[in-house]
Amino acid sequence: MMGQNQTSISDFLLLGLPIQPEQQNLCYALFLAMYLTTLLGNLLIIVLIRLDSHLHTPMYLFLSNLSFSDLCFSSVTIPKLLQNMQNQDPSIPYADCLTQMYFFLLFGDLESFLLVAMAYDRYVAICFALHYTAIMSPMLCLSLVALSWVLTTFHAMLHTLLMARLCFCADNVIPHFFCDMSALLKLACSDTRVNEWVIFIMGGLIVVIPFLLILGSYARIVSSILKVPSSKGICKAFSTCGSHLSVVSLFYGTVIGLYLCPSANSSTLKETVMAMMYTVVTPMLNPFIYSLRNGDMKGALSRVIHQKKTFFSL
């Protein structure tokens, strides 16, 4: 496993989470429950939007893609974490490590772009309500989703190819629970300046600019709803925006703090906790915040259940 270049390294070792042995089973059960909640919650959203014609709108098109992204985002890291906790085998093959990094970047970036699309959809719905249908046409919505997939695929592939050209020498221990890009760069024994510059530049395009666009959209929304005379309408709009912004702040806050503004004395434990927030907690909370508390989603669930009961009663 030791060697002078990347071809001699057959695998990496994931240190995982700093958990005491006596807490291992409890943490395993907790993460398994959180992962299953994420899967079931996001799958429920996707199925309901697919089955109920009332939800075939731009907002729920973006939401179904966001749920798919959350589902895949968690599936990139959590199953491997659970496997390592159960088998006590921290190794991950070199190719699998780069593959995990690729899909981690892909679905993480995809969520960033979809959050922008959702913010824009709500901006148009509130600020240009009379022209909403004309502006948010099916072609525009599909184009926004397709563009999100294309850009994130390119970005993830770029970082993966740049990582694959690096040399890894003696140290193959990753102090994380997944193949984190910044952790891999610290293990490289070749020049990583190109990688670091690409992370800084592309990070601004992929993370910071979408975050600013979301803030700009909601600033316009707040400005618009303050002019609405109905206090009920204002409360409803603020409630919707508040839920969305809470998840946006959680996701972008940890990502920006971890990758774009790292502190010189940041500990591995702190980085791991921050990573757990946006890889495990946020995808689990999204179904509850975005949909399961939504009246349209509850109505769709009721209609689907009623249709099933009617079908089986025939």
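We number each residue from 1, going along the chain as drawn.
Cβ atoms here come from the backbone N, Cα and C positions, even for glycine.
Keep in mind that this is a model prediction, so the values were computed, not measured.
For reference, Swiss-Prot has these:
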DISULFID  Cys97-Cys189  disulfide bond
CARBOHYD  Asn5  N-linked glycosylation site
TOPO_DOM  1-25  topological domain 'Extracellular'
TOPO_DOM  50-57  topological domain 'Cytoplasmic'
TOPO_DOM  80-100  topological domain 'Extracellular'
TOPO_DOM  121-139  topological domain 'Cytoplasmic'
TOPO_DOM  159-195  topological domain 'Extracellular'
TOPO_DOM  220-236  topological domain 'Cytoplasmic'
TOPO_DOM  260-272  topological domain 'Extracellular'
TOPO_DOM  293-314  topological domain 'Cytoplasmic'
TRANSMEM  26-49  transmembrane segment
TRANSMEM  58-79  transmembrane segment
TRANSMEM  101-120  transmembrane segment
TRANSMEM  140-158  transmembrane segment
TRANSMEM  196-219  transmembrane segment
TRANSMEM  237-259  transmembrane segment
TRANSMEM  273-292  transmembrane segment
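When Cβ distances are compared across the two stretches, the transmembrane segment (101-120) makes contact with the transmembrane segment (196-219), since 3 or more pairs at least 6 residues apart fall below 8 angstroms. The disulfide-bonded residues under consideration are Cys97, Cys189. Their Cβ neighbour counts within 10 Å are lowest for Cys189. Non-local neighbours of the transmembrane segment (140-158) in the same chain are 58, 61-62, 65, 102-103, 105-107, 109-110, 113-114, 117, 120, 198, 202, 206; each lies 6+ residues outside the stretch with a CB under 8 Å from one of its CB atoms.
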